[in-house]
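Student: Pulled from Swiss-Prot, these are the listed features:
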- 1-11: compositional bias 'Basic and acidic residues' (COMPBIAS)
- 1-24: region 'Disordered' (REGION)
- 72-107: zinc finger (ZN_FING)
- 123-148: zinc finger (ZN_FING)
- 156-360: region 'Disordered' (REGION)
- 163-179: compositional bias 'Polar residues' (COMPBIAS)
- 186-214: compositional bias 'Polar residues' (COMPBIAS)
- 270-283: compositional bias 'Polar residues' (COMPBIAS)
- 293-304: compositional bias 'Low complexity' (COMPBIAS)
């Protein structure tokens, strides 16, 4: 028998010099089954092994990856050792097979329980409400073809349908990828030709618009400085044209550029007097432009303009009042000017006085 001795250490000596008591030894007897079992607890108190060995029990430790495992339909655990019932051929785990005298599935009385290990091999039919077990593969295949042929046909049709669907989807995906990756050359050529024609048409339209624009009129000239060539749609009276329309810059330019138009619509443009002669808005007084003596040649020469030539008389006719070049002097409304306007139909006024507007 194994004996264990426990000894208590003596305390330290005190100052009075008392002797310690003798050590006490306690003997503990250990049963024989603990010694035979060679347990780590019997070898020492409180010692722990550095590694714990875990050994999985049953089929799981020896089966390969991807291999199927049968589950017991009664306890819903993986089966390590089968208990095959005879005569119904239903298979359970060994514990569930021994737990009752009748079958759990068909309630048939159990005559014998056949023990089959995991590695020996067993075939169980997975058809609904069947679950019969077979020890040989030929017997299992014969049972399936004889009793469950309809299930095999349905499974084959489903597999064919799935394969056809997969193939159709693959073809559609490949067709879509081909159209996305490489379009037809004819389509590319047509698109390029359309783009070129559109760009060419735009360029032609732009050139035609530029060519169809009328020439811009010269707006740099101030009002009043126009060419002496008459417009085709306007008739000028038989008056002599002025020789030079250039004026000194000190003189204001008349804003009314349109010459007098001929009488239209059959009625006179001027009111008539008792004597039958027409009277203008300003009593027919005719004005002439300032000559070079009044403007002075020094002013025009200093500003860079050539001295203008003598201007001829301009007779303003029309329904609009003529502008006055001398805003400080207003035309007098006298009967003498009226008579002068009627008498002076010629051009020149040789006996006039410029300061008095024709008064003698």
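Just so you know, the numbers here start at 1 and follow the chain as drawn.
Just so you know, glycine gets a Cβ as well, placed from its N, Cα and C.
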Student: Per DSSP, how many helix, strand and coil residues does the zinc finger (123-148) have?
Tutor: 11 helix, 5 strand, 10 coil
Student: Which residue counts does DSSP yield for the zinc finger (72-107) in the helix, strand and coil classes, in that order?
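Tutor: For the zinc finger (72-107), the helix, strand and coil counts are 5 helix, 12 strand, 19 coil.
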